[in-house]
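Features of the protein shown, as given by TrEMBL:
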- Cys74: active site, proton donor/acceptor (ACT_SITE)
- Cys184: active site, proton donor/acceptor (ACT_SITE)
- Asp11, Ser12, Tyr43, Gly44, Asn75, Thr76, Thr185, His186: substrate binding site (BINDING)
Amino acid sequence: MEKDRPIGVIDSGVGGLTVLKWLQKKMPHEQFIFIGDTARTPYGDRAREEIQRFVKEMTDCLARRKIKELVVACNTITVLGLDTIRNGYDFDVIGMAKGASNIREVTHNNKVGFFATDFTVSTGAHKREIERLDPGVEVFGLGCPKLVPLIESEKFGRPEMQEAIKEYVDAMKVHGIDTLLLSCTHYPFLHDEIAAAFGPQVTVLDPAEMTTDEAIKHLQNKGLLKTEGEGSLEVCFTADLARCKRLASRMLDLAHARFHLIDLES
Ligand code: DGL
């Protein structure tokens, strides 16, 4: 496989851009092709089979572009199981880190919370992984179904957004956590608001950097990491390009980005 191939990145919508930000920052020489399925977001309250079908469509689209690695910038798809994606493709598939590996260094009272989609919470994947690595830690997951639609519809700073954040933060506060993981890639759009609502006694963590380190390690192991040359960025959405561009500008330097509207179903 050649180093010059692009890296594919997928999400159900604009959430994956929060991971793309880290990928671009730490791998400035790579070409990235991002697909956000904004026509069918959110995935978090859909059935397993339906999500799997959508993921296959995105993966096939990127396989045709001859990617060398796929980063699944979505917790919901990651916990659904990456094995169905790994079968039959010639590239490595990297899922979202669950944030378990550095929890011990951050928590002092061994009470950790995570915000995620209902689907992600229902699988128990994050709780299992954190408790397996550190059995002394108590883990509390909370589904926050209002947040993805509010972020996708750019309700930043609006009363309905503030109320939703307060509702979820208050529900989590009762557990007395001192560490919170943002286990849905959309939520870092609200990192500062969520951190402010918890106050300084809670550390809010975004596992995107850890995911990026994992993606780099896989490329290095295969001798596929580019360390010179200019990087590039192609951003594809399945609906509402103008809105998605505005959201992307909150996360990325768009100076050299190319945007496309694509149709995965045809
Ligand atoms: N951003 C996604 C995640 O990390 C999914 C949001 C959704 O489509 O429900 O889980």
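Backbone N, Cα and C atoms are what each Cβ position is placed from, and that goes for glycine too.
Owing to the predicted nature of the structure, the values given are computational and were not obtained by experimental measurement.
Here the features listed in TrEMBL are placed on the structure.
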{"residue": "Asp11", "record": "substrate binding site", "contacts (Cβ under 8 Å, 6+ apart)": "Leu17, Val19, Phe34, Ile35, Gly36, Asp37, Ala73, Cys74, Ile77, Thr185"}
{"residue": "Ser12", "record": "substrate binding site", "contacts (Cβ under 8 Å, 6+ apart)": "Gly36, Asp37, Arg40, Thr41, Pro42, Tyr43, Gly44, Phe54, Cys74, Thr76, Ile77, Val148"}
{"residue": "Asn75", "record": "substrate binding site", "contacts (Cβ under 8 Å, 6+ apart)": "Met96, Ala116, Thr117, Thr120, His126, Ser183, Cys184, Thr185"}
{"residue": "His186", "record": "substrate binding site", "contacts (Cβ under 8 Å, 6+ apart)": "Gly13, Val14, Gly15, Thr18, Leu147, Val148, Ile151, Glu152"}
On the three-state reduction of DSSP, what should I expect for Thr76 (substrate binding site)?
helix
Cys74 (active site, proton donor/acceptor), number of other Cβ atoms within 10 Å:
32
Which one is it: of the binding-site residues Thr76, Thr185, which Cβ has the fewest other Cβ atoms within 10 Å in this structure?
Thr76
Please give me the CB contact count at 10 A for Cys184 (active site, proton donor/acceptor), counting all chains in the structure.
29
Expressed in angstrom and rounded to a whole number, the substrate site built from Asp11, Ser12, Tyr43, Gly44, Asn75, Thr76, Thr185, His186 spans a maximum Cα-Cα distance of 12
Cβ-Cβ neighbours of Gly44 (substrate binding site) (radius 10 Å)
26
Under DSSP, is Cys184 (active site, proton donor/acceptor) part of a helix or a strand, or is it coil?
coil
